[in-house]
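J.: There's a structure below that I have some questions on.
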Amino acid sequence: MKPFAGADHAIRIEVLDDAEAVGRRACDLVCETLSAPSSVLGLATGGTVEPLYAALITRHRAGGVSFAHASSFNLDEYVGLSPDHPASYRATMRRLLFDHVDIDAARTFLPHGAAADLDAEATAYEAAIRAAGGIDLQLLGIGSNGHIGFNEPGSPLASRTRVVALTEETRTANSRFFGPGETVPTEAITMGIATILEARRILMLATGTAKAEAIAAALHGPVGDACPASALQLHGAVTVLADRAAAARLG
Ligand code: F6R
């Protein structure tokens, strides 16, 4: 498929049959990064990345990949959830990946959503990313409103790790990860758009019709805070893996 042509950037778009195929292809690309003597992964949560994590576990069990020399930084965490809350992103990452591969738990980082001083936590998270040498490959999903991480529409392109309010659309979409009667937090701590753009490479995954409009706006629309994912047009090394449903509006 043709790369997205712009002034001084290129976004490589690959369209695959379905979500499982996106997961398998993403697994190949993440394994390439992991084959370096050491690597720093930027990780995401959400339904889109689950087939990728399942594929990585399968590959690891078959002896095909090791995380022994990797560190990871997740994009975001809910404010107010302790790491052992089942819907926290720390617990989610343990369940979906960390507990099943040979990554050193001490080198898996997520913002602490239950920190007493969240501003200090955000500053420390940025410092930890820098101390690790920056992120080699940042994995992203996309919200149906175009968010990346929890940078909702209106987030400045220059934003860094900070506390943000979640939109009702995002809280409703994510209520499926919470138990009956549980309330989705109203805030999260997220890497900012500028933080994300500092990753050396970016890998965005999008699956399902609900993402078709957002992906089209991100890749073909104007760059601006109405669609936070449009900021990817400013980065020089982005690969987008979309299934046919998510790619439907790419033309
Ligand atoms: C999660 C995150 C979010 C999700 C997005 C898509 O860490 O940062 O931006 O990637 O909300 O979520 P799913 O994949 O559940 O549709």
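Placement of Cβ uses the backbone N, Cα and C atoms for every residue, glycine included.
The following feature annotations were taken from TrEMBL:
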ACT_SITE  Asp76  active site, proton acceptor
ACT_SITE  Asn145  active site, for ring-opening step
ACT_SITE  His147  active site, proton acceptor
ACT_SITE  Glu152  active site, for ring-opening step
DOMAIN    32-235  domain 'Glucosamine/galactosamine-6-phosphate isomerase'
J.: What residue among the active-site residues Asp76, Glu152 has the most other CB atoms lying within 10 A of its CB?
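T.: Highest number of other Cβ atoms within 10 Å: Asp76.
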J.: Which active-site residues out of Asp76, Asn145, Glu152 lie by ligand 1, going by a Cβ under 6 Å?
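T.: From Asp76, Asn145, Glu152, counting a Cβ under 6 Å from ligand 1 as near, the near ones are Asp76.
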J.: Could you check the active-site residues Asn145, His147 and say which one's CB has the most other CB atoms within 10 Å?
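T.: Per the Cβ count within 10 Å, the most buried is His147.
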J.: To the nearest whole angstrom, what is the C-alpha distance linking Glu152 (active site, for ring-opening step) and Asn145 (active site, for ring-opening step)?
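T.: Asn145 (active site, for ring-opening step) has its Cα 8 Å from the Cα of Glu152 (active site, for ring-opening step).
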J.: Tell me, roughly as an integer, the mean pLDDT over the domain 'Glucosamine/galactosamine-6-phosphate isomerase' (32-235).
T.: 97
J.: Could you check what DSSP calls His147 (active site, proton acceptor) once collapsed to helix, strand or coil?
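T.: In three-state terms, His147 (active site, proton acceptor) counts as coil.
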J.: Just to verify a number: CA distance, Asn145 (active site, for ring-opening step) to Asp76 (active site, proton acceptor), in angstrom, no decimals.
T.: 17
